[in-house]
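Listed features, source TrEMBL:
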DOMAIN    1-141  domain 'FAD-binding PCMH-type'
BINDING   Ser73, Val74, Ala75, Gly76, Asn77, Asp86, Leu131, Lys149  FAD binding site
BINDING   Gln489, Phe520, Arg655, Gly820  Mo-molybdopterin binding site
ACT_SITE  Glu998  active site, proton acceptor
Amino acid sequence: MNKKAKISRVVNDTIRTLVVTETSAKFGANTSLTSLIQQLTSLKDTQPGFQYFGHLVRHLNLVGNVLMRNAASVAGNLMIKHAHPDFPSDVFTMMEAAGGKVEVFDTKDESLKAYTVQDFVMKVNMKGKVLTALEIPAFEPLDHFRSFKITPRSQNAHAYINAGFRFKISQGGKQVLGRPAIVIGGVNNKFIHAEKTEEFLRGKTLKDEIVRDALALMKSEIAPTPDPVLSSVQYRTDLAVNLLYKTLLEFTGNADPRLASGAPNIQRPLSSGLQTYEEKKEEFPLKQALPKKTALLQASGQAEFVNDLPTYKHELCGALVLTTVSNCTLQSVDPSAALAVPGVRHFITARDIPEGGSNNAFAAYKGAFVFPVEEIFVTKKVEYAGQAVGMILADNQLVADEAAKKVIVKYSDIQKPILTIQEAIDANSFHSTFVQPHVVGNPDDELQKSAKTLSGEIKMGTQYHFYMETLAALCVPSEDAMEVYATSQAPDILQCCMSGVLNKPINYINVHSLRLGGGFGGKFAQSNHLANAAAIAAYATGRSSPTLPGKRVAECLERWRPNRKACEDLAQLVRQHAVYRNALPVLTRYKAGFSENGKLNAIVADIYIDGGATSGIVYGLYELQHQLDQGFYVPNWKINPYMAKTNKVPTTYCRGPGPTPAAAIIETILEHVAKEVKQHPILVKELNLYERHQTDLNGMVLTYCTMRDVWQRLKQVAQVEQRMAEVEEFNRGNLWKKKGITMCAAKYGMMTADTGFPCSVSVFAQDGTVTVVQSGVDMGQGLYTKVAQVVAHTLGIPMDMIKIRPCLTHYVPNGAVTGGSTTSERAVNAALRCCNILRERLEPVRAKMPDADWKTLCLNAQKFKVDLSAHATPFNADLPEAAGHFNYHTYCSGVMQTELDVLTGEYAISRVDIMFDCGESLNPMIDIGQIEGGFVMGLGFSLLEDIVLDSNTGRVLNDGTWEYKPPTSKDIPIDWRVHMLPDAPNPVGVRSSKASGEPPTALGVGVLLALKQSMEDAQKDLTGSSSFIPVDIPLTVEKIQQGIGTKVDHMKM
């Protein structure tokens, strides 16, 4: 056997083999993490020394996700740590603490050597070597092991800090025998063992003073590397100390009962749920609980999106060249190096805009919305990092992406950017808007007259639009048209604006709106930038390169793999550009006047939103101001609105852009009032709920208000009073675990722009099948299904005879924006109008053929010269409308209960109950999906999602999935119950229904407030302080733990 074959045999025999002895278990290095979990699970009960394998299994299940663990190996994980010492490898931390060793095969001398895991990472040069095995020892009877992983969210996230502890504890559970192992990951690239603390604890008896000294010593030797994207140095330091304390509480096992809760982690079982709703069988299939018509296509991956369209011959792909700094002047752009790359064809800039065209993404628009001027390609003044300078066009996306990096952009007059609302206030940097102060009653006088007053401040961060489908545009020039396939919620606005950019009539542009992989407002105005850039490129290359006619420019800001149809690489979530905008950051300073029992009398609020570089979010500010009351009556208001101008990507709309922060503000104020009057927040909120016929913040009489009905019914079915008592009892008996419970109430005004909603329903005479084209865009909200249901019900035909086709601006022009939660009902109303027209036309035929079925009726309709195509464009005036600011209100309420680990900031959402007034739901299954999805998006806003900026350039630092963490399936409530309010038809709604998409997002803040109650309870126990903790959204695990103020002196045995 030659040497190469021998090496191959030795390595292959070793890297896949499991060898078990009485003293250890040796796993081949090529063992996947999933297989390792399975093997450890099967071994843990085979002998006493392997029982601690259960701890390893629990920790390994927190590494990555199932798909990653299936593919990743032990060797792969450890080799990443070997190559990148700052990588917080969980496998490394666990195995080093457990005393694991690795075997390394040296191909030079064919030797097999064993190393500790630490020596392998820190000392072994792996050139010419292969990692072949991981050996984990069996423990002796007095050995104890514990490991931790503290993360920004429940799963699929790297650790803020991970830790492993191995102690030998005497039989009585008091004395440390020998030197323990304390391994902490996520500190810095050199720190592994807390060596001083290990040596200090050698042989010590674990009394209070010894433990406190050990914890203080540990705190002094932990020195985390500062990093603006990671958690703070203080939090990581405190975590390491607190995890040691949790470990000692468990290992000694004889703590005071109030302290004992500090030892275990919060358990997070799989979620369970309950949904209750009514169906109106007499109207089936309308108001029937049905899955989306396209659900199976989407679940199976067969649903087509813009980026799935067939490739055109001579297609060019584009990559934007973006600014890297903000608040400066564009000095020069040199694309020569990029143009020299093989496969690169053009560099497109503002100079390529046709004569008479505009470099404004919102050119030529004269509709209901107010858009600022925003350059497609920056020409001089750079407002923010991420503005497009130009676009590289190449034969494929990979070449375009790489070439774009070679474009040299130089800047001058670089000024320090304004990046926060407070910085804008200090610099007096504000946008001018049409939104004026809103006053109701005599707030200043009534504030002075109130029995009690308080003041406070609320900070809110922002969210990325984390789409399943990123923004994309495809423009195909033809002999007399531009065919546009774009990820847009507003195809008609895009069509109009693109006509201004290209200096062409509107009918030259034809926008196709296929389904969207999520929208939430982020694909409303923002898609204009991308689509217009693609249109400029397509138009320019079509004229200037006659040898390459009919080019298509496909543009997407994600890095694509060479195969354009492959999944996009989400390693980098965003390259910061105008199209990837963020949700609304808000700073609110408030004063409230109220009675001795907490009845609100007056609120004065200064509301500052961060508009970014332009004022495009002005309607978000307007909505926030006019929906600030939510579910609560306040007789006197003064709301002063301000929009800060900062050097950031312009802010945009995101699911409930005004009402979601409005809910956080009013709910926080009420919780603050409850603290002042020493009452539970639920009681104070109930005291202030709207009643039927009261007048709201906007002067609208709430004739059909169901707020109290929703609240009281939920309070009863959720057993709130009993649970309040249970939470109070739990908190009295536990210092290190705390529970919280609260209720929230949302009144969500539904208002649509005064634009028509065109729809066309066509019947094919030969077989009676039906095609519907309407101006709404399907973005997962079930719009097509609801339209099909109403068409089937009205025409009396099965749903499988109906096809809903994507919006096409040539076919249904002058449409409305898909947004504001009301598109589905407007589409249903429009389709209903068309169907009634068809029924009226068919009446003479039916009169002559009373026994004919639908197919026969349609086949004979042509004989009677009946037009089987109907078109209708209902306007707002055609909808039954209540008198006032909004068309109607949706009411909902939630009960949120949480459990908090005071020492780490980790938490569980134990239970959430929601009661939602959806009128008579057009489809309860879809609406419950919207309720649950909206609530989870509110959780992300309130607890998890935020954006970190470089303070010098304004560049987004956490622009990838490694650091940006929206909620996952284990961040939802453990016990989740959603109820639709029964017997509540909406007198002013389409077919007695109400919208469901956005209102539940406003309830998400309730989980934050329940956690904040836990924080305040813990703070009172530890420090004696009964002060109100200000709200700073998102309330991350770091902010929770740091906000309580736990210190070493509080830690007793």
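Every residue number used here counts from 1 along the chain in the order it is shown.
Note: Cβ is positioned from N, Cα and C throughout, glycine not excepted.
Where the annotation comes from TrEMBL, it is an automatic prediction and has not been curated.
Helix, strand and coil content of the domain 'FAD-binding PCMH-type' (1-141), in residues and according to DSSP, is 67 helix, 31 strand, 43 coil. A distance of 40 Å separates the Cα atom of Lys149 (FAD binding site) from that of Gly820 (Mo-molybdopterin binding site).
Less than 8 angstroms from the CB of Asn77 (FAD binding site) sit Leu33, Val63, Ser89, Asp90, Val91, Phe92, each of them six or more residues away in the same chain. Look at Lys149 (FAD binding site): DSSP puts it in a strand.
Sitting within 8 Å of the Cβ centre of Gln489, Phe520, Arg655, Gly820, and not among those site residues for Mo-molybdopterin, are the Cβ atoms of Gly519, Gly521, Gly522, Phe524, Tyr653, Cys654, Met779, Thr818, Gly819, Ser821, Gly997, Glu998. Leu131 (FAD binding site) is surrounded by 25 other CB atoms, counting those within 10 A of its CB over all protein chains shown. All chains included, 26 other C-beta atoms sit within 10 angstroms of the C-beta of Gln489 (Mo-molybdopterin binding site). Cα spacing between Gly820 (Mo-molybdopterin binding site) and Gly76 (FAD binding site): 47 Å, rounded to the nearest whole number. If you take the Cα of Gly76 (FAD binding site) and the Cα of Gln489 (Mo-molybdopterin binding site), they are about 43 angstrom apart, rounded to a whole number.
Counting only residues at least six positions away in the same chain, the Cβ atoms of Arg655, Gly656, Pro659, Thr660, Tyr748, Gly820, Ser821, Gly934 sit under 8 Å from the Cβ of the residue listed as 'active site, proton acceptor'. Across the fold, the C-alpha of Asp86 (FAD binding site) and the C-alpha of Gln489 (Mo-molybdopterin binding site) stand 43 Å from each other. Here Val74 (FAD binding site) comes close to Phe27, Gly28, Ala29, Asn30, Thr31, Leu33, Leu36, Val91, Leu134: these same-chain residues lie at least six apart in sequence, with C-beta atoms under 8 angstroms from its C-beta. The binding-site residues shown are Ser73, Ala75, Leu131; of these, the one with its CA atom nearest the CA of Gln489 (Mo-molybdopterin binding site) is Ser73. It is 42 Å from the Cα atom of Ala75 (FAD binding site) to that of Phe520 (Mo-molybdopterin binding site). Neighbour count (other Cβ atoms within 10 Å of the Cβ, all protein chains): 21 for Ala75 (FAD binding site).
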